[in-house]
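If you look up TrEMBL, you'll see B:6-27, B:34-53, B:65-89, B:101-121, B:141-165, B:194-217, B:229-256, B:263-284 marked as transmembrane segment.
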Amino acid sequence: MTEPVLSVENLSVRIAGLHILQGVSFDVAPTGVTVLLGRNGVGKTTTLRAIVGLTPRNGEVRGTVRMGAQSLLARPTHRLVRGGLGYVPEDRCVFAGLTVTENLRLAERRGTSPAYDKVYALFPELDRRGRQRAGSLSGGQQQMLAIGRVLLNDNRLLLVDEPTKGLAPKVVTEVAEVLERVAESVPVLLVEQNLAVVRRLARDAVVLSAGRVAWTGNAQDLLLETALTKSLLGVGSGEVHA
Amino acid sequence: MSTVILLTLTGLGLAALYFLVASGLSLVFGLADVLNFAHGLFLGVGAYATWWAAGNLPGAGSDGLGFLVAVAFGVLAGSAVAVLVELVLIRPLYSRTIEQVLVTVGLSLAGVALLQATWGADARPFPRPEWTRDVTSVLGAQVPNAGLLLIVAAAVVLGALLAFLRFTRYGLIIRAGVENREMVTALGIDVRKAFTLVFAIGGAAAALAGALGSVYFGTVSPGQGGSLLIFAFIVVVIGGMGSVVGSAYAAVAVGLLQQFVNYYGTSGLGDLCVVGLLAVVLLLRPQGLAGKVAHA
């Protein structure tokens with residue numbers, strides 16, 4: 001069996017007395033997209049944030065997260081990211097007061113050559129709007145900037161949190177296309193609510209329910225089981241169309 | 001007319017002093033979320049280090065190039081103390097607001113006590129170049145040169161800070177960190193280095209305020225940092241946390257308001273009006289004039 005790029009074992013997170021994750025375990029395959037699914041509030045974003053070391057200070061994280069032989073939980077976020085863990089947060093989090101170019105420049109790392117060619121090939125809009133403040137971009141353009149920022153550097157794994165949230169259907173398709181191309185070269189752990197996007201991108205799925213793993217397996221198999229998707233996600237797989 | 005010009009220029013001199021203290025305070029709060037009540041200590045250190053250097057440091061003196069050397073020594077001393085405070089006391093307490101307040105208030109009190117224990121509680125005459133004691137005639141008004149020196153120094157510091165924020169890598173990190181510190185770390189940047197840097201810059205600016213403020217007042221005393229810090233905090237809140245430009249606008253508004261009302265009204269009424277201005281800004285625009293963005 002192929003070694004997973006990321007192994008999460010018995011991950012528990014408590015924040016302000018709430019036991020949000022209760023022993024979550026799953027693997028992320030070294031290629032393609034693994035999707036993390038579940039209803040609202042089950043701990044999907046908390047899982048990604050715990051992996052990348054962004055649990056709030058009043059939170060407590062237990063368990064093991066490994067990328068290859070390396071244990072991640074004790075390391076500060078900036079070191080994890082420099083070690084090849086790219087993170088695209090929910091709601092984009094671009095720096096609204098900075099220009100597009102400044103947002104990208106911020107992601108550059110000393111001693112490496114940033115892949116502007118790759119980013120501008122994927123998102124020509126970012127090249128054209130270099131001097132525009134990121135806060136004045138549309139939601140879709142901000143999402144492209146958030147993804148582009150991470151793609152400037154080489155990554156061993158990308159964590160992408162709800163990249164299509166709040167976007168127009170046409171932009172959702174564009175973002176899905178980009179992620180599909182990105183996933184050809186780097187594995188992606190994706191949190192996504194849009195089942196059409198999941199159907200298009202994901203090979204493996206992990207479903208969370210009430211802070212625990214409720215189901216793991218092939219994402220396409222899951223989407224074929226209408227009764228199962230309805231019970232796990234509260235929505236039938238046929239209800240969302242590409 | 002000459003009275004208005006005199007009041008305007010002395011008000012701007014006061015504003016310059018407030019800006020020098022507030023700019024660093026604002027960046028520290030905007031980036032690191034640290035309410036640093038020990039910031040006045042950096043001012044005191046700068047003033048006393050300049051005073052000490054003018055009399056004891058080889059090459060330094062109270063006039064000409066020697067005075068520049070003394071001020072440079074004071075600025076370095078203030079900056080070094082600020083870095084030390086950040087590394088030793090503040091860094092272990094990030095995101096622990098109450099503990100930060102307790103530590104910085106305690107440090108501020110201890111710092112003043114240390115200065116008093118070392119050089120006494122009384123104000124001491126401050127060595128200063130002869131020309132700073134003179135006045136310059138501006139459109140009929142006799143304006144103290146020390147006030148003009150403060151204005152020029154603050155304008156240079158403002159320009160240097162804006163250039164630093166606009167054109168350097170660390171400036172970019174600070175501007176981004178003021179908006180979303182967590183996201184800066186999520187791009188692989190060790191934001192703690194930027195924290196140390198803003199403390200160093202803030203400490204240097206406050207120390208410069210200490211040295212030039214002492215030139216303006218003609219004396220140096222252990223408690224002068226604390227009284228200026230109150231107005232600097234007001235300037236930071238009115239200007240907007242994390243905004244250097246906002247601090248500059250707010251400092252000018254506070255300095256001029258204070259000076260004019262104190263002159264045309266009752267002495268002390270200007271201070272009250274400044275508090276009133278703070279209340280109005282908090283009610284109408286709680287994020288301050290420039291919001292929590294470090295504009296370049």
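Positions of Cβ are set from backbone N, Cα and C atoms, glycine also.
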- Query: Taking B:6-27, B:101-121, B:194-217, B:229-256 as candidates, which has the most Cβ pairs under 8 Å with the transmembrane segment (B:141-165)?
  - Reply: B:6-27
- Message: Assess whether the transmembrane segment (B:101-121) lies in contact with the transmembrane segment (B:34-53), where contact requires at least three Cβ pairs under 8 Å among residues 6 or more apart in sequence.
- Response: yes
- Of the listed stretches (B:34-53, B:194-217, B:229-256), which one yields the highest count of Cβ-Cβ distances below 8 Å with the transmembrane segment (B:263-284)? B:229-256
